[in-house]
Amino acid sequence: MASKRALVILAKGAEEMETVIPVDVMRRAGIKVTVAGLAGKDPVQCSRDVVICPDASLEDAKKEGPYDVVVLPGGNLGAQNLSESAAVKEILKEQENRKGLIAAICAGPTALLAHEIGFGSKVTTHPLAKDKMMNGGHYTYSENRVEKDGLILTSRGPGTSFEFALAIVEALNGKEVAAQVKAPLVLKD
């Protein structure tokens, strides 16, 4: 069976942990992850001044699709940049239309709202993004640390990054693989 494939869209101002932890955990699970720079292949400055080098530009990564999951990290500026991107809208619409998984964390889910993705779904966000996410009544809000409703998977923030990543692994590769990946991470149960 071919490896599952993930596209992580990295925008300037993305939250570092919400980017790197899911990438690392998915790769541990054998998922082929492409970190795609929204503005190109140049290094991206994240919200806490950590610089991440994308694997590809979003334009090039899009040509290699489709992906089993599209992942949107949070960070206020990162989420704003994702929300304002026509390329992100196109990728999310294609992913939704082909019934592919879409995962977003922290402020990242606000890009779903901006691009009219997953309306009617139960979602969660960082507490400070809740009001923005609920504007217009297009979603049902959950206080869960990770919420999966059909093909929309959302999470709350940096402190839920491991749970978010493991939920993606479980959705793509099953509970057994997620448990195998989790065990050596020495996470608190």
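The backbone N, Cα and C atoms fix where each Cβ goes, glycine too.
Annotation comment: Swiss-Prot describes H126 as active site. DSSP assigns H126 (active site) to coil, not to a helix or a strand.
Annotation source Swiss-Prot lists SUMO cross-link at K130.
According to Swiss-Prot, the S-palmitoyl cysteine annotation covers C46 (among others), on the basis of experimental evidence. Cβ neighbours of C46 (S-palmitoyl cysteine) (same chain, under 8 Å, six or more residues apart in sequence): K12, G13, A14, E15, E16, T19, I52, G75, G78.
The Cβ of C53 (S-palmitoyl cysteine) has P43, V44 as same-chain neighbours under 8 Å, each 6 or more residues away in sequence. The S-palmitoyl cysteine annotation in Swiss-Prot covers C53 (among others) and is backed by experimental evidence.
Residues within less than 8 Å, Cβ to Cβ, of C106 (S-palmitoyl cysteine) and separated from it by at least 6 positions along the same chain comprise E15, E18, P73, G74, G75, A79, T125, H126, A129, S155, R156, G157, P158. The S-palmitoyl cysteine annotation in Swiss-Prot covers C106 (among others).
The annotation N-acetylalanine is assigned in Swiss-Prot to A2 on the grounds of a large-scale study or a structure entry. The Cβ of A2 (N-acetylalanine) lies under 8 Å from no Cβ of any same-chain residue at least six residues away in sequence.
Note on Y67 (phosphotyrosine): other Cβ atoms within 10 Å of its Cβ, all shown chains, come to 25. Summarising the annotation, Swiss-Prot assigns phosphotyrosine to Y67 and lists a large-scale study or a structure entry as the type of evidence.
For C106, the entry in Swiss-Prot reads cysteine sulfinic acid (-SO2H), with the evidence type experimental evidence.
Around K182 (N6-succinyllysine), a 10 Å sphere centred on its CB holds 20 further CB atoms from the protein chains shown. Residues annotated as N6-succinyllysine in Swiss-Prot: K182.
Put simply, K182 (N6-succinyllysine) is 23 Å from Y67 (phosphotyrosine) when counted between their Cα atoms. In the shown protein chains, 17 other C-beta atoms lie within 10 A of the C-beta of K130 (SUMO cross-link).
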